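Dumping what TrEMBL says about this protein:
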DOMAIN    A:8-154  domain 'UBC core'
ACT_SITE  A:92  active site, glycyl thioester intermediate
């Protein structure tokens, strides 16, 4: 079934998928779903020296019909305490919206998300209360993020 | 005939076509019959894809209308301060604006267009920024290639696409990751090359999402706008989308432009109005609808937009109810609630318990007979009545006073509008068939003057309602000042009203016979000149003696150009 689907898949997606599987980026794994080759199961390891260190975060990534002219849709499946990620796991990242460029790839998107985990940006928040917490008392917020990582992101 | 500014705007290549248009407009209806040949053709040439014959006729009648309008302004020396834009003139105006900037800054029209779209067609601000912030900063913000050193801004005229790719003859497109022959690839002015299929996909998505006015390069963080050469090259397989792209650019002149407003007619007549600068104008669209450029409401000068908003709400909010109340009830002298007489004698008792006389509205005692109320006699206390009436009842009375006068003039405007259309048609016919030259410009001018004056008069009652008394300006004037102001205002208003009625009568007489009797003609011309002067004086009073002394707000209004 996957083979039949692959025949209709744009060459670019096939190439990207092959490369993601053959040369994965450090700390990131992404593999297409059996049923839908546009749907990827993603795992990002919490970057070292971040509150998410030691955690393994599951995400889903979907390539819409217009991809790569339109950005992929990405969402955290694992609960994460982060000012730019809301309760539903939606991510506030400019390249997933107006700063998207067709020259970007799945790999670059995932690397950007990894970088966002290392450097939260409470000035451009998606989760207001988390961002407020982050700004008012960074120590405490980081502690919560670590706690959540321990609770939800460790196997 | 056509305003000077329009003539000047028509630069180089256009001047021929335009002068023909103007000739057509000037000769007016006489030429309409000949439109099918030569002169009509000039429209078709510049025109859109619709039927050339109807197109040229439309344009002619419109230009003629405009001409009539301007002719109507006494002396005709002052510009109107605005112009009507239709689908024809839109292209011309946009091109003129682009060419202006291109000529002043020495860049290509394509660059000028991108800059102007980025600056909402505000030429002055754009040129100021170019001078103050420098070309590089402005270009970068607008998504244009910043030239290095000596290279001219014209670098966005892309080098031939074939020059960019590698010598091997193929390019690996960074988007689809395919090896593509160089001939099937295109380079944007920023130097980034991708295959045509990907460019097309990108443009389709962007244009489809309504971002046609600012499609940027596919390369990450590049931000340079896709130049039109590229767009037209890669989109030539999809004429529908290419049309959408250019339409969007054309419409940008209307939609993004602070100096342009769409005519608020319903259904929309398809016109827009562009002002010269001052947004406090009350233009008349080619469809005949006049409106306030600022708030898109009906013309309301000397009222400010805010006053007009409040007035409209007051008038339309519950006018039916209000009229019924005014005709059938009287306000209780104590609680001001409207009271309806449901029978019986002239002593009426309000729900609040206050008895009052139905004949005069004054509060009384309860003791009464069928013919008289104890200790009460209507008429003898009439003068004191107003003073005794409560504040609310007085306010209501005040409103009804102004509203009735406002409404009378509004009704006159409506009636005169119908008569005016008929008369203008008869004038046109008469000018057309006579052997000797007949010029009714004086009469048309008088009709225009009459209409302007009626409108001013009508709105002046709404103005007076808010300005003299009421809460709006309560802190700005003392009672005595208010009294003085109101007297001054009413004197001017009355003088204008008298002259308006005089001209109305004269114009009626002149219109009935369409006589060219010189005595009548001079009387009409004199009267319109008088009205022009009186309007000017009226507005000088309103602006300099009334609004100027108000400290609570900065009132700006449109002043009719007399």
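Yeah, the Cβs are placed from backbone N, Cα and C, and that goes for glycine too.
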On the DSSP side of things, how many residues of the domain 'UBC core' (A:8-154) fall into helix, strand and coil, could you say?
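Within the domain 'UBC core' (A:8-154) the tally stands at 53 helix, 26 strand, 68 coil.
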List, in sequence order, the same-chain residues at least six positions removed whose CB sits under 8 Å from that of residue A:92 (active site, glycyl thioester intermediate)?
A:84, A:85, A:86, A:124, A:125, A:126
Note the mean pLDDT of the domain 'UBC core' (A:8-154), expressed as a whole number.
91
